[in-house]
């Protein structure tokens, strides 16, 4: 049915273009014809990338050229599909009620299963429970324009800082460095990787306090129950920061939410050991935000113009290709962009 509709649309556009060419040769008619042909090209590219399934066999130069052409087409939200995606995520995962552990969704002495090993559990003791937030601070659809800012090197020299800062809610990852020009300063939620936490944190908290201070009042969120080795560093952060930053909370991801989200995307063909934190929070944003804009997610070593880009915009970095399948996640983001559920930014921003 979709293919038939596309063919009919192509036929109509071609017919209109021929009529214009046959009956007039004025400059304005040529402009109209060019515009129609461009619209047809954009429709064709949108259909192509909506059905795109893998980057395994693509010729990167050709792929980048077509993707660059597609991103030059006017982007528009498909409200029907966006609401469908939100409903699916709410039904399966309920980020509003369960993305973080709260006093409302977690009991004292409850045994919390680990995200990656449900047979292993952690008992929520009264001390930890007392430091959990009362409830989730977000409601479904309560956030308007959201910017999810990955750390990809494609953001380097992008001049996207002002555009990112104009969003109502900005999500960042792994205490990434911020700047005015390329990635902006505004932060409303930032993740912390347990590997970033020093063992002597409780004896020497100043480096962490200085690091998180640049994010203002933004809450920190930590995957404390992804693996057992994540728990102790996360608890150190909570114990150190809770008395100092009472109004700047530290959240723990709920393993129940992360496991539900993992099943959701595995059921849609995304096969990896564990979703990246970036993809998790894009999924959360799709449920909670009216308009989702995604920056800094690009899995290749060269940009759309074929120029080399670092893995991170702030350092060279490396990727765990066993744990995370970044090209597979990128394909899903490209599909969501093509279908109008979010806007994927891969080019420099207008200054």
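Yeah, the Cβs are placed from backbone N, Cα and C, and that goes for glycine too.
As given in TrEMBL:
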- 1-15: signal peptide (SIGNAL)
- 146-289: disulfide bond (DISULFID)
Can you tell me whether DSSP puts residue 289 (disulfide bond) in helix, strand or coil?
strand
Once DSSP output is merged into helix, strand and coil, residue 146 (disulfide bond) belongs to strand
CB contacts under 8 angstroms to residue 146 (disulfide bond), restricted to the same chain and 6+ apart in sequence, sorted by sequence, are 167, 168, 169, 170, 171, 285, 288, 289, 291, 292, 293
